[in-house]
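Engineer: Starting off with a structure, shown below.
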């Protein structure tokens with residue numbers, strides 16, 4: 001399930017963890033609300049903050065090290081992709097039983113619908129969304145929901161950290177004195193603000209795409225994708241409506257055979 005911790009993303013993950021805990025330490029070393037409550041023995045807020053930071057780090061490692069949905073061998077993946085449950089055979093057009101999947105020119109496996117080969121990971125990934133350099137892993141069928149959850153938790157941590165940094169700024173008679181007193185905290189607040197804006201944009205874009213049941217790859221490259229390029233600009237064969245899309249993404253744990261969904265919409269074989 002998990003890749004080698006000391007793989008190609010080791011430096012990226014190490015840098016993320018160091019930056020996270022250095023900024024947390026800065027917030028506790030300056031005269032912020034966290035520091036003041038800790039000194040007065042009111043530990044509820046500091047403990048909750050540290051626990052939330054820890055949860056964000058654990059989620060980061062989960063999405064970073066998790067198998068995003070690599071397509072492995074033809075035998076097991078073809079059986080999964082083309083297998084049709086007896087109770088649903090009558091609902092699925094006959095064409096789905098003879099789908100000829102495209103063979104990847106890189107890893108030579110047959111690609112299920114919505115999968116794509118990642119040049120960095122050197123694997124085809126089911127329901128490929130994108131390769132994220134932040135986590136040094138692909139975002140795909142198995143870890144996408146956890147990636148969105150991580151973004152949500154990380155955004156809350158960053159907003160809370162920004163508020164704590166603001167509470168720690170002290171007054172001074174001159175700008176020079178103010179910068180000497182608050183320079184380190186100001187630098188930390190600037191980093192947190194930039195990261196918060198970045199995470200907010202990522203979270204918003206992913207929630208929007210999830211609500212449409214489309215991926216970053218499909219949204220950006222639909223004119224190049226064989227099963228989408230013949231569709232109209234506003235047509236998405238996987239869209240079931242916002243609520244059902246969100247429910248399926250966050251709450252449905254069973255793997256989806258996207259060929260079944262695609263042909264139920266009356267699309268022609270590709």
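Using the three backbone atoms N, Cα and C, a Cβ is placed for every residue, glycine included.
Below, the features straight out of Swiss-Prot:
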TOPO_DOM  1-8  topological domain 'Cytoplasmic'
TRANSMEM  9-29  transmembrane segment
TOPO_DOM  30-42  topological domain 'Lumenal'
TRANSMEM  43-63  transmembrane segment
TOPO_DOM  64-145  topological domain 'Cytoplasmic'
DOMAIN    102-152  domain 'DHHC'
ACT_SITE  132  active site, S-palmitoyl cysteine intermediate
TRANSMEM  146-166  transmembrane segment
TOPO_DOM  167-182  topological domain 'Lumenal'
TRANSMEM  183-203  transmembrane segment
TOPO_DOM  204-270  topological domain 'Cytoplasmic'
Engineer: State, in range form, which of 9-29, 43-63, 146-166 has the highest count of Cβ pairs under 8 Å to the transmembrane segment (183-203).
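Structural biologist: Checked against 9-29, 43-63, 146-166; highest Cβ contact count belongs to 146-166.
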Engineer: By a Cβ-Cβ criterion of under 8 Å, what residues six or more beyond either terminus of the topological domain 'Lumenal' (30-42) are in contact with it?
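Structural biologist: Same-chain contacts beyond the ends: 49, 164-165, 167-168, 170, 184-185.
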Engineer: Let me spell it out: take the transmembrane segment (146-166), skip the flanking residues so only those 6+ beyond its ends count, and list any with a Cβ under 8 Å from a Cβ in it.
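Structural biologist: Beyond its ends, the transmembrane segment (146-166) has Cβ neighbours at 23-24, 27, 30, 32-34, 49, 52-53, 55-56, 59-60, 62-63, 66, 132, 135, 139, 185, 188-189, 192-193, 195-196, 199-200, 202-203, 206-207, 210, 249.
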Engineer: What else in the chain is close to the transmembrane segment (43-63), if you only count residues 6 or more beyond its ends and a Cβ gap under 8 Å?
Structural biologist: 13, 16-17, 20-21, 24, 28, 33-34, 37, 135, 137, 139, 143, 146-147, 149-150, 153-154, 156-157, 160, 164
Engineer: Report, as numbers and ranges, every residue of the chain located at least six residues beyond the topological domain 'Lumenal' (167-182) whose Cβ falls under 8 Å of a Cβ in that stretch; write 'none' if there are none.
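Structural biologist: Residues 27, 30-33, 35 contact the topological domain 'Lumenal' (167-182) from elsewhere in the chain.
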Engineer: Let me know how many other Cβ atoms fall within 10 Å of the Cβ of residue 132 (active site, S-palmitoyl cysteine intermediate).
Structural biologist: 19
